[in-house]
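Okay, structure first, notes after.
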């Protein structure tokens, strides 16, 4: 028997009642007619329905004899295992309830399913690259939620050619020409049953450049002054700019570039100390343009002739030696109004040992000490802004001082170095000196090693004897010697000596 139920808007609901028993069930023996169920009750069907599209839902259960089914949605109740649903307008999510009842035992089981309702295709989106490259093929895909399926239509617009192209399918390929700036891609998704549609679009740029990059600005610059440089480039959609000068980086397409001093943090209105031997030299100013879309880069370099009229120089070619006279001179100034001397960025206080000439051009050390090492600069004022000259790094040559022999893991050795026969001992020679000293080891009157490190393994008491380390500075032509005597003893004697040394020190 079939029961047809019809309801008014907002839905058209049809339900069918199943036969009470199948032919196979009618042929069961008496042993097979024991009632059971319902169990494994479930509703099958889609999770989302579209307005105006018909759908079917099935309610099933394990049951003997065959269960009867009652459907409930809101205040509507129908009978039968199948529910046909066709909504006429957009409504909130619908809860479908199915009750399976064993007609013999009267037992029942109820299950439910929540169905979302959409008025047509939804959740449309286009996936593909954000930018295109001329002459390179790129793929774009369109997707949307449709039931049972969607058809897709693409419209491709080119601003450069004022043309419109139509393509079909979920995925398309696009190959822009070199003269194009952007492509507009429109995707329309249409439900194949309801014929409702939805659309979206993307506008990927066609990356171009950077090309024709150049730098404008002065080619000859003077330390202490500020100059404007501009970087021009042909670039689509746009470029980011990075400037490099003397290892320092600036961002932007137009900059005011102070000439700072190398090795110092940039300070507004300060200068760049260029570590050179001459007053005039060349430096590279570089502009790098990077396309924000494609990542392609282009570089332009401008060679600047940099001049610093002021610098600090030694008065003589003699090397600066500790405990010897030494003088520095501020050169390049013409009739300076004043000269200020700096050491490591701080003003220098004169004393009986450090003096200035009457016009402050020359600074003299009498004598020069190891502590005088540092960066010396002079700031000259001559009718305008103060100019800080190129600095001079003063490295004082001294030593060697305090030569000492150090036993690995134990520290400095004394006048006697007690060792066990057959033991390997690592030694290190050290001294205070600039530049670094060279070291020579002499063992028992013979040259043993020319290195800061030395190791020995005496076997018998006959292998003991005097050991010396000589530190030599090739600039100061001075040397310093550390001496000890190697004595081989037994373990008991060594323990006794160590205890006496410990008691003596404590």
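Glycine residues also receive a Cβ, built from the backbone N, Cα and C atoms like all the rest.
Please treat TrEMBL annotations as automatic predictions, because they have not gone through curation.
Since we're looking at a predicted model, the values are computed, not measured.
Sequence annotations record features per position, and here TrEMBL assigns domain 'Ig-like' to 121-203, 204-305, 309-397, 412-485. The feature signal peptide is assigned by TrEMBL to 1-21.
Across the domain 'Ig-like' (412-485), the DSSP tally of helix, strand and coil residues reads 3 helix, 46 strand, 25 coil. The DSSP breakdown of the domain 'Ig-like' (121-203), given as helix, strand and coil counts, is 0 helix, 52 strand, 31 coil. Looking at the domain 'Ig-like' (204-305) alone, the prediction's average pLDDT is 69.
For the domain 'Ig-like' (309-397), the DSSP-based tally of helix, strand and coil residues reads 3 helix, 41 strand, 45 coil.
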